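A.B. asks: Right, I'll just put the structure down here and ask away after.
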């Protein structure tokens, strides 16, 4: 049994991409998807080489790995002034390989949600998404959900990116698939409460509005059965590295995002409301972590045995910050 | 420390509720009969030119009955003043329709024994039927109904109503001689609660007779609102069956799409048998119905998405700057005259599959799409060469392929289609030498 939930996520996101392209009349351009995948992996590797501290905590795994031979040599090379040698050695940092699945999840998620006219736009959005993990950091963690950050940046700054909230339609079958797949992944990372809190509070808010307006209940069901909303709730806001660590914090946070989504959608008529809500409230998770401290989430590594660093795989003990 | 955290959370929640202000501000109404005439609206056409929050909405009016019975009620997001409502030229909707309509193109195969020559001639688009009936009356009462504006534009008398309760509005409409369909009251309420206003139009007979026009002209309204939607629900009250809506969205950005239903491209670029030329309307209707059923009856079809500066092939000439202005385009400047992208959406809706009003969004997607169907006329002249014989043999397979495509798209019986296919006869090629004719016969025997 594979332990790393990210691999499930990668599998499901890839499946959704294929399903969507095959059955939902999407104008998915394979070149765009490939550019997203290639860019996310390359950017992650490069950023890892540049930013991962060679002798302290790894931002992705935060394994207290201090005696890795590669990093030791890298430090040595730095001291002797051999710049390129140091870079080459840094590229062999085993933490880079272990962080690639996260990057791939971001790349696939963005291919699924973001539509662009040109592959370059996708590449830039993905670079922004991955780079945000390394540059926009506070209290030892990244501030924004990388995929969400990339999507919002592309919507804001590029002239040819958009999001199609109606792309999945509201077919019940797809809804079940999303719920099932999302549930499986969230079970593995123990963050199902976030999705439940988001969907639950959003459903309640929409129900109250529906009741007040006097719409029939199929209007409510139609608004909630949107495939895009489910993908967002199950695969985007649940990124365990950018949500509050304590359960209470997560519930408050997810409820706040649901409320802001509801307001943006029904008062400001933004069809891409969930993305803006998540973007605006991402920093709130840092505040909630400060108010309600709890142990930080770590990706389990046992699925990724690193060929040139056997000691890492054998040292899986989690040491809190 | 703990109480401090609780206070901090409460403060954040408080700030959140105050960082959002409230603004409420949508379309396609139902037609109301004043007399006992039968209500029925089968198809409607709407053009929406939109940039930012500014919207110019043109509603085509193909009402066929007695004009004194015409009336319509449309929910609108804001109170409209006299200068925000205009009469548009009815040819504008026709021009948008013919420019963007799904098209049949034909190609003529060249003589396989000679250097190639191509023709590419656009055919007339299928005529999209539109109908828009209704009736009306008027009066003035309290009942929580306020007449916000009252004015006459062209042949129409227009009232902008706001209401506090749906019961009051219904009573007002009934007292003023509008025949409200059963169930309209429940559907008026959500629009009233969203603080929408009601645009009520009926024909001013005197003005109508003075105008000298034979048909009612389209009404065009201009307003600012973040809402980008069309209210379908009211229109479904008096619908007997599924209704067709054609929406032409004009944007400076790119394609528009429906954000709360799937937007699906209509099947396109299919090669179909030549005989369809004489029954393109029937073909398109059958094909649309088949796609509609196949997609689950709850999608919006994209029939055309194009930059309005060009077309290829053109089913009609692109609209002139003056025509675009009449269609509501307000953002073009002399230095950028063609900054207009048109999206044609065709929605066939029923109550059970479209519970929610249509919400649109503009995207930056500038990829071009057209509903386009291809006829390839075979070469029928003399072909006294080997290439000609190969060509002739390839035709049978091609016809069969076209027949299958047609059957798949329309759901028509493949045998009926095959019966209408051209027959390939040896007499068409009398100039072939004896040996070649024998080979041809052999080929035919082997194909069988």
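Just so it is clear, glycine is given a Cβ too, placed from its N, Cα and C backbone atoms.
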A.B. asks: In TrEMBL, which of A:201-219, A:220-238 is labelled transmembrane segment?
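C.D. replies: Result: A:220-238 is the stretch TrEMBL calls transmembrane segment.
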A.B. asks: In TrEMBL, which of A:120-136, A:171-187 is tagged transmembrane segment?
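C.D. replies: It is A:120-136 that TrEMBL annotates as transmembrane segment.
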A.B. asks: Which sequence-distant residues neighbour the transmembrane segment (A:220-238)? Criterion: at least 6 residues beyond either end, Cβ under 8 Å.
C.D. replies: 9, 12-13, 16, 109, 112-113, 145, 147-148, 164-172, 174-175, 178-179, 181-183, 185-186, 189, 191, 194-195, 198-199, 202-203, 206-207, 210, 254, 257, 274-275, 278
A.B. asks: If you count Cβ pairs under 8 Å, which stretch among A:7-24, A:30-52, A:250-269, A:275-295 touches the transmembrane segment (A:143-159) the most?
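C.D. replies: By Cβ pairs under 8 Å, A:275-295 leads among A:7-24, A:30-52, A:250-269, A:275-295.
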A.B. asks: Cβ under 8 Å, sequence separation of at least 6 from the ends of the transmembrane segment (A:30-52): give me the contacting residues as numbers and ranges.
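C.D. replies: For the transmembrane segment (A:30-52), the list is 17, 58-60, 87, 90-91, 93, 95-96, 99-100, 102-104, 106-108, 110-111, 116, 119-120, 122-123, 126-127, 129-131, 133-134.
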